[in-house]
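Structure first, then comments.
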Amino acid sequence: MSSKPEQKETHQANGAVLPIVPMDCLTSPDRGQLVEPSDFLGPDGDGVEVVVLESRANAKGVREEDALLENGSQSNESDDTSTDRGPEPASPLKETSFSIGLQVLFPFLLAGFGTVAAGMVLDIVQHWDVFKYVTEVFILVPALLGLKGNLEMTLASRLSTAANIGQMDTPKELWKMITGNMALIQVQATVVGFLASIAAVIFGWIPDGHFSIDHAVLLCASSVATAFIASLVLGMIMIGVIIGSRKMGINPDNVATPIAASLGDLITLALLSGISWGLYKELESKAYVNPLVCAFFIALLPIWIIIAKKNAATREVLYSGWEPVIIAMAISSVGGLILDRTVSDPNFAGMAVFTPVINGVGGNLVAVQASRISTYLHMSGMPGESSETAPRKCPSPCSTFFSPDVNSRSARVLFLLVVPGHLVFLYTISSMQGGHTTLTLIFIVFYMTAALLQVLILLYIADWMVHWMWGRDLDPDNFSIPYLTALGDLIGTGLLALSFHILWLIGDRDTDVGD
């Protein structure tokens, strides 16, 4: 056996080819670190075991080389993974303000016209008997619209992120994502729809002290049936939108969430109005219909739970994703209470047509921003990991709106869409003779002030909330959007009601807010 100096000379002369080192060398304190053995073939074809000894002299150099090799291997692994994922749309880092605005503009206008249609529907149905005699249905409106916006936009955000990071490239992965997510939103819609009806009963009972069991069952049946059917229809539409966006090379984050919100408002409000009206008609002659409707949809819950549990991604949300949607439902219900108390006053009946518009536009814009920030963070790692992309816990308004990064750029673009978008929507409402309000200059000023303030607050909260949740190992796709859209409902309804009250107090008679 060669001595220690001889081994070093052999190592330097023969390119690290050494005879087998005894096992006691592994524990010798004056030895370098023994590198893992490798098998080579010698000249005679026999296997020769080769070991490499690291001396103390080059320990630092080798450690630096190892670090470089480790970084290189990680880069190669990332490259290999991205190669397997196939072609991907442009990274958010490469998007310009013009490209962001161009991609967001069409779905934003489509979403806005959807909320205008929802407002027109609410303006008509507020005079129906079911809305007159079961006024708690007004409390259900923001709660269910917010619920559908939460579930569908959370679904859109999850699927957009999955599409952007290559988790929907194969038919098998695509089918798993579709079935798991559809079953998940059916569970969430049924449970939260039931809880929303309870909240509506409580909020309706507290101010008046009046309780009717028939009206309570009617609210439950209407809420659960509306949530279930709307989830089924909207979920299928959203999956089609995301797959189509992916194939057309459009970032689904810019398209999916606004369409989800717009269609959700219109379809959900139309379903709620129709179902509650039909069940109200059956209340006198066939009182058993309402409890049967409740029992039927609740009985389907175990089926959806079983399907959702089979998917690893939706299984986590099934267990941990209840807190945001339930709290968001409660927040939206407070907005519904404000709407109920305001619209019930004949002086402010004109507010009904504008409520879905201001809430829907604010929710759409903040959902786009939250989804974009979430995708940006997912591209750098997993929730909870320390990352240079999530350093801030409480950002300043300047960093949110005026920094050079892509998320600040998108925040500026989204904020600049508020005024022209609302002007188009107000003109549409006026031309269709919707509402009970004349669009005077002072009304437009107050309305735009409320809308701008709402979106400004929401975009800032989104920048803080998404990074804060990311740092606490929470996936923003599942947790941030419900809170943000619910806050949008509450802030929008509150600011709009305040504007109507101020207009009435200052005596802007040309506005005719209650005519």
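Placed from the backbone N, Cα and C atoms, the Cβ positions cover glycine too.
Annotations in TrEMBL come from automatic prediction, not curation.
According to TrEMBL:
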- 1-46: region 'Disordered' (REGION)
- 1-11: compositional bias 'Basic and acidic residues' (COMPBIAS)
- 60-94: region 'Disordered' (REGION)
- 104-124: transmembrane segment (TRANSMEM)
- 141-275: domain 'SLC41A/MgtE integral membrane' (DOMAIN)
- 182-204: transmembrane segment (TRANSMEM)
- 216-243: transmembrane segment (TRANSMEM)
- 255-275: transmembrane segment (TRANSMEM)
- 287-307: transmembrane segment (TRANSMEM)
- 319-339: transmembrane segment (TRANSMEM)
- 355-498: domain 'SLC41A/MgtE integral membrane' (DOMAIN)
- 411-429: transmembrane segment (TRANSMEM)
- 441-461: transmembrane segment (TRANSMEM)
- 481-506: transmembrane segment (TRANSMEM)
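Tertiary neighbourhood of the transmembrane segment (481-506): same-chain residues 142, 145-146, 149-150, 153-154, 157, 257, 261, 324-325, 327-329, 331-332, 334-336, 338-339, 342, 347-348, 350-351, 354-355, 358-359, 362-363, 366-367, 370-371, 442-443, 446-447, 449-451, 453-454, 457-458, 461-462, 465, 513-514, selected by CB-CB distance under 8 Å and a gap of 6+ residues from either end. Sequence-distant contacts of the transmembrane segment (411-429), counting only residues of its own chain at least 6 positions beyond either end whose CB sits under 8 Å from a CB of the stretch, comprise 97, 100-101, 104-105, 108-109, 112-113, 115-116, 119-120, 353-354, 357-358, 361, 365, 368-369, 400-402, 435, 439, 444, 447-448, 451-452, 455-456, 459, 463. For the domain 'SLC41A/MgtE integral membrane' (355-498), residue counts in helix, strand and coil come to 109 helix, 0 strand, 35 coil, using DSSP. Sorting the domain 'SLC41A/MgtE integral membrane' (141-275) by DSSP state (H, G, I as helix; E, B as strand; all else coil) yields 122 helix, 0 strand, 13 coil.
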